[in-house]
Every structure is written in structure tokens, then in C-alpha cells.
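Asks: Got a structure for you, questions after.
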């Protein structure tokens, strides 16, 4: 099961809990075969997107699917083989557990207050104004809430931007030439 390499969660903190055990290999192999529609031995982003559910009866965010595939596709084949799929399975399952933890009203969506709780739990300290920006950016349905797949995508993007910011914040004071939130606001406005 070396396919799953732990990636710290958003903020460098816990993110998806790494504690959940994988189902047995035969179960995962059966799932893999059902998802691998063209029997190529590699699950493409389209195949994975069709297999995933975000709980809203809308297609899983293709950007999220591509991000997840790229994290686990060690051979740059635009998909994941069975070994890599076990990592994808665990990664998504871990994110489901995080999502359910912070979806306090069990609506299947993360609202602004739940998002604040989640990001605070990951170690982020952001303003209400910035939480509004995140909701607007990742709410594909325009309901003021974020679905599961968009929650993953938002956390992935925030983590990547944080990593970039930290590279330039050499004295680790939360400032480069602009404040962290100004930087994120600028980047999110063009992403």
C-alpha cells in the first residue's frame, strides 16, 4: 500500500485524517475495474469524474478530479493505475471524513461558518471577508455554500498558495510585499 503518501492538510496541519484504514485489496480491485470503463488498466480523469459523487446531483468538479489525479499519477500518464488508485481512494475517503466533521448541520454542503471552523481547524486565521471570497470562488451552484468536491478543490488551492507564499515569506512574519490576504485575494480573483 505504498501508493498513498501522506500529504499534510491545508495550513500544513492535519487536513484529511490519515487514520482511516483502506478496505481490503479485493474490494478496491473490484471498484477499480468498475471505474476503468475502457479496461486500459488506468483510470482517467473522465472515468474518475463519472464514478465520483459530490452529493448534489451535479458532476464532480473536473478541476478537482484533475488535481487529485495529478497528485497520485507518478508516471504522468494522465490517470492512475491500481496501486495509485488505492492512494486516491484513501485521499478522497479522508476528505469525506473531514467534510462530514465540519458539515455540522448534515446538509451535504459547507456554509461560511462551517468553512471558518474547518479552516481554523487546519491552522488558518483568515478574516470574514476572505471567507466570503472563498465561498464565492468555490460555490459553483450560487447558493452560498460549498459542495464536497469544491471544498476539496478550495483546500487544495489554498494549500498550494500557502506553500508559495511561505517560500517568499523568509522571515515567517506573514508578509511579503503585500499582506497574505491581499495576495490570496489577488490570486483568487484571477484563478
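Yeah, the Cβs are placed from backbone N, Cα and C, and that goes for glycine too.
Grabbed the feature section from Swiss-Prot, which reads as follows:
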MOD_RES   2  N-acetylalanine
DOMAIN    23-58  domain 'EF-hand 1'
BINDING   36, 38, 40, 42, 47  Ca(2+) 1 binding site
DOMAIN    59-89  domain 'EF-hand 2'
DOMAIN    90-125  domain 'EF-hand 3'
BINDING   103, 105, 107, 109, 114  Ca(2+) 2 binding site
DOMAIN    126-161  domain 'EF-hand 4'
DOMAIN    162-191  domain 'EF-hand 5'
BINDING   169, 171, 173, 175  Mg(2+) binding site
Asks: Round to a whole number and give the Cα-to-Cα distance in Å for the pair residue 107 (Ca(2+) 2 binding site) and residue 40 (Ca(2+) 1 binding site).
Replies: 37
Asks: Out of 109, 114, 169, 175, the binding-site residues in the record, which is closest to residue 36 (Ca(2+) 1 binding site) when you go by Cα distance?
Replies: 109
Asks: Where the distance is taken from Cα to Cα, which of the binding-site residues 103, 105, 109, 175 turns out closest to residue 40 (Ca(2+) 1 binding site)?
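Replies: Answer for the nearest of the binding-site residues: 109.
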Asks: How big is the gap, in Å, between the Cα of residue 42 (Ca(2+) 1 binding site) and that of residue 105 (Ca(2+) 2 binding site), rounded to a whole number?
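Replies: Residue 42 (Ca(2+) 1 binding site) to residue 105 (Ca(2+) 2 binding site), Cα-Cα distance: 37 Å.
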Asks: Express the distance between the Cα positions of residue 109 (Ca(2+) 2 binding site) and residue 173 (Mg(2+) binding site) as a whole number of Å.
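Replies: On Cα coordinates alone, these residues lie 34 Å apart.
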Asks: Give me the CA-CA distance between residue 171 (Mg(2+) binding site) and residue 114 (Ca(2+) 2 binding site), in Å, as a whole number.
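Replies: Distance between the two Cα atoms comes out at 31 Å.
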Asks: If we check Cα distances from residue 38 (Ca(2+) 1 binding site), which of the binding-site residues 103, 105, 114, 169, 173 wins as closest?
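Replies: The answer is 103.
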Asks: According to DSSP, which of helix, strand or coil covers residue 175 (Mg(2+) binding site)?
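Replies: Once the DSSP labels are grouped into three classes, residue 175 (Mg(2+) binding site) ends up as strand.
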